[in-house]
Structures are given as C-alpha cells and as structure tokens.
Amino acid sequence: MGVSNNITAVLNIVALLCSIPIIAAGIWLDQKPDNACVHLIRWPVILLGFLILLVSLAGFVGAYRYKETLLAFYLCCMAILIALLLILLVFAFVVTRPDGSYDVPGKGYKEYRLDGYSAWLRDHVVDNKSWRKIKACLADTGVCPKLTQKFITADQFFAAHISPLQASSCSSGCCKPPTICGYTFVNPTQWTNPTNPTGDPDCYLWSNDQTQLCYNCNSCRAGLLGNLRTEWRKVNTILIVAVVLLILVYVIACSAFRNVQSEELFNRRKH
C-alpha cells in the first residue's frame, strides 16, 4: 500500500472516530424526557453519525485494498454528509438562537416567555396539533412528580435551579403555576389561593390534578422549548468540533487521492 493510501486509511479512521461523538450526541438527546416526546433532531443526528461511520469504513477498505472506485465513492458521499451536517448545524443554531428566558426576583430558577422563541419552533414544535401528543407524553415521563421527592419546603424549591421544563415561561412551566399568579406553595405540584389570578392567562389553566397541572399552559410549551434549546445547543458544540475535523480530514483525503492518481499516471507512462 502506497504512502498516499496509508494516509487516506489513517484519515478514514479519524473520520470513523468523529462519527462516534455524533452518534453519542443523538443517543444522549434520545434519553432526555422532552426529546423523547419531540422526535425532531435526534434521529437526523444519529442517522448522520451512522452514515459517516459506514462511509468512513468504505473509505478505509478502499484505501487498504487500493480500490480507486471505492475511494471516489467515499469522497463523494463524505462531501454530501458534511454538507448535510453543516445544514443541520446551521439550522439548529438559527432556530435556537432566540432565548425566551428571564430572571425571577428572589427565585433560583428562570421563567420563560413563549413569544421569546423562534417562530419556527412555535409553529412546528408546540403548535396546537403537535401539542396534544406532546403534553400526554410529558405527563407520562414523570418529570413533575420527581420535584415532590426532591423538594419539601418552599425555601428549598424557590432557591433551586430547576429545569425549564419543570419551571419556566412567561408563566412558569409544566409543573408549577406562573409566579405572577401569586399561588401559595403547598408542595412543588400543589399550589393554592392565587392572589393575582388575572396576572396571566395561564393562571386559570393551572390545576392541582396531577394529570393536568400546567400541561395546557403556554408556560409549559415555553418550558419545553427552553429545555430543547439548552440541549440542542450542547449538541451543537459537539457537532461543530466534529464537522471541523471532518472537513480537515476530507481536504487532506482529497489531496491524498489526487496523489494516488498522479502516481498511477506516472507509473503508466514509465512503463
């Protein structure tokens, strides 16, 4: 195996290794309760990761066995996959750029406004049609009952840094009523006697029924988007590193492939 083929084989191993964190990021998203209910970005990430892995294996075999056709196939497919990964990365960054969070005086957590998120997320993730299925799924995840096991007193709860899904939005989240409503804390999912029930439309939607809570509130939708935004931006960091490495690998692999062709042409003319 020539020097250029050796380089290409090593580069394909690097590309193969790059696919592992991409797949892991997709699996990590899949394990999150909110992403389990929103099948939006996790499967594209996992699929792209597996495709990069398979194409890298094909490129390694092509370099090791000196199969020029397989190497050309590898370069063509890898260019398409890198382009798709870049599109996914830019798309996720653009739609998660707006942040609907704001600080609540005297509280350890933030709350979120639904209109603070991108129109695309509001129209395609938490629209009325999708939300019926999502809220039923969220209720089944048990994310709210966990709060009652973790926090006993009001001081503990108000000082806690709970997730956007558990407490967020211009109101609060799926598990508690909006702070502006002035409800009295009984436990993290039981609230009574609102002092300002007209402060937000979600104040009237809150229910102490553990199957309802604030799942019908706009605050719950905003909480979901707040969680998704945080998780997707973490995944974006992994994808940025992976795509930079893949582009470097691809550029060097293209150069090595041209060297192989030049060596072939030289040897033919020599003989």
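Cβ atoms are placed via backbone N, Cα and C, with glycine included.
Outside the transmembrane segment (7-29) by six or more residues, the chain places 1, 35, 41-50, 52-53, 55-57, 59-60, 62-64, 71, 74, 78, 85, 231-232, 235, 238-239, 241-242, 245-246, 249-250, 252-253, 256-257, 260 with a CB less than 8 A from a CB of the stretch. Annotated transmembrane segment per TrEMBL: 7-29 (among others), in sequence order.
Among the features that TrEMBL reports, transmembrane segment is placed at 41-64 (among others).
The transmembrane segment annotation in TrEMBL covers 71-95 (among others).
Annotated transmembrane segment per TrEMBL: 238-260 (among others), in sequence order. Among residues of the same chain six or more beyond the transmembrane segment (238-260), those with a C-beta under 8 A of the stretch's C-beta atoms are 2, 4-5, 7-8, 11-12, 14-15, 18-19, 21-22, 24-25, 45, 52, 59, 68, 71-72, 74-75, 78-79, 82, 85-86, 88-89, 92.
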